[in-house]
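Remarks on the structure that follows.
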Amino acid sequence: MRSVVSHPKLLSQISEIMYESIIKPKILDRLNENSGRNVLCGVPYSALTFATALSIKHEFPMLIARKEQKQYGTGKLIEGLLEEPMNCIVIEDVITSGASITEVVAKLVNEKFVSVKDAVVFFNRQQIHSDSPDCDILLSNGVRVHSVLNITQFVEILHEKRCIGSDVVDSIKQYIEGNQIKLGQTVSKPNIKELSYGQRAELLKSLPSAKENFAIDLFELMESKQSNLSVACDVEDQDELLELAEQVGPEVVMLKTHIDILRPSKTLTMQQFADKLTQIAEKHKFFIFEDRKFADIGSVTKQQYVGGPFDIAKWAHVTNCHLVSGTSSVVKGIQEGAQQVGKRRGLLLIAKMSTSDTLTNEDTEKVAVEVAQKHFDFVSGFICQGRLEMPKGNENDWFKYVYCTPGVQLDQKGDNLGQQYNTPQHIVGVKKSDLIIVGRGIYKQQNRAEAACLYRKQGWSAYLERLE
Ligand SMILES: O=c1ccn([C@@H]2O[C@H](COP(=O)(O)O)[C@@H](O)[C@H]2O)c(=O)[nH]1
C-alpha cells in the first residue's frame, strides 16, 4: 500500500472506492443526521495521501494528527481548524491490530469539538476477531472500522484469477484463523495449528524472501514421497556408499554423507563418485546432505565449501554449520559459495547436538534461531533435538524451517562414545521435529532397504498423528 503514493491514478482509484463503497453508503447518511461538519483525518503517514485525495475530490476539510508532539510553538497534536463541532472519519490503508487507529482517535477526541465514530480502511488483514453486526471491527474505544477488502476476499480473487492454487488459499485461511486476536486480549498471537509439510511449502512460496529457499523443495519432496527420513551413510567405502544409496534411495528424502570418512577409491575419482551419487539421487528423488559442520571464518569456509578435494557445493544440495565463529560470517561464506556454483542450495544451522556431553544448549538454540531469522533467504532449517521456540512476537515463524534430528534408533539408547538415541515417535510426535536422521539403525542392518522402509513408516505415522 505504501507504494501507491507513486501511482497517482491508482491512488485516486483507491480513494474513490473508499468513498463509493463505504463513506457514502455506510457513513455519511448516518453522520448527516448529527449536527457538525464531516471532516477526515488520515493515519500518518501512508494514509495521509488517501485522506488528501478524498478531501480534494469531495471537499472534506482535513485534520492532521501529529505522530510526535511538537517540542516548540503550541505543541499541538492535531493540526487544522478546531473551532466548531465536527464528526471526524479516520482514514487508514491497512489494519492489523488497530493500534494506529486507536492512537489517532485518542488524540482527536482529546480536542473539545471532535467526535470520532467511524474509520475507513482499505485492507483488513483480519487479525482482529470481531462479531460486530454493523461494521467489520468494533474497536474497544467504540469506533466502527469499515474495510473495502479483507485478506480472505483477496486470496479468493487471486484464486479466481488462477494466480494461486486452492491449497494456498486453504493454508492462508488456516493461518488467519489461528492468528486472530480478540480486542482487549493481552496475549499476543496464539500459536497456529499444526501445518502439513505441503502447507508449509506453499506458505513459504508466498513469502518473497523465501522464494529461493531450499526448504520449499524439501517440504514438497517430503509430502510427495511421504517420507521424513534421512539415512546417515557413515560407511567408509565409496562403492558401499553407492550401493547403500541404491538400497535406501526409495525411502529417503535426504541421504546424509560424511565425504571425509570415505577411503579414496582406486577406480573412481572424487568427481566420478559425486556424479554417480547424483545420478542415484535423481533416479530415486532424494537430496544429498553433506554433514560437513563448517565452523571456520567466512572466507575459509567458502574455500572449504567450493573447490578443494571435495568440491561440496557442486554435488551436495544441503550442508550445515556451527555458529561458533560468528552469527553471520560462516553463513555468508556458504551463501556466497552457493551463489558461485549457481545452484539452489540449503543450509542447516546446528542448534543442538545429540551427544550426552554436548556444549550446545538453550543459548545456542536461541542464537541459531536469531541467525536463521536474520538470514532467512538462505537458511532452511536446523540440526536440533526438536522444534525450536521462535522469538517473542514471531512465535508462528516456526513453520518456515525444517527441523532435522540425528540420534534416532528404535532399539538402542546410545553408544559408548556419547551418542544418545530417541525413537522416531518421540522425535517427530513429541518433540515435533520434521526429519529423522538414522545411521547405524539402518546401515548396520542385514536388510538395509527393509530397515529404511520400517523407519520411514514410523517417522511418517508419527507425523500424521501430529497432524490430527
Ligand atoms: O548432533 C548430531 C549431529 C550429527 N550427527 C550425525 O548423525 C549421524 C548419526 O548416526 P547414528 O549411527 O544414527 O548414531 C552421524 O552421521 C553423525 O555425524 C549426530 O549424530 N548428532
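Glycine is treated like the rest: Cβ placed from N, Cα and C.
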One of Lys211, Lys256, Lys332 listed by TrEMBL as binding substrate at the site of Asp234, Ser354, Gln419, Gly439, Arg440: Lys256
Substrate site shell beyond Asp234, Lys256, Ser354, Gln419, Gly439, Arg440, criterion: Cβ within 8 Å of Cβ centroid: Ala232, Pro406, Gly407, Ile437, Val438
Cα distance (Å, whole number) from Asp291 (active site, for OMPdecase activity) to Asp234 (substrate binding site): 10
Cα-to-Cα gap, Asp291 (active site, for OMPdecase activity) vs Ser354 (substrate binding site), nearest whole Å: 14
The domain 'Orotidine 5'-phosphate decarboxylase' (228-455) [mean pLDDT, rounded to integer]: 97
Integer Cα-Cα distance in angstrom, Gln419 (substrate binding site) to Lys293 (active site, for OMPdecase activity): 17
Residue, out of the recorded positions Lys256, Lys293, Arg440, whose Cβ gathers the largest set of other Cβ atoms within 10 Å: Lys256
Other CB atoms, at most 10 A from the CB of Asp291 (active site, for OMPdecase activity): 24
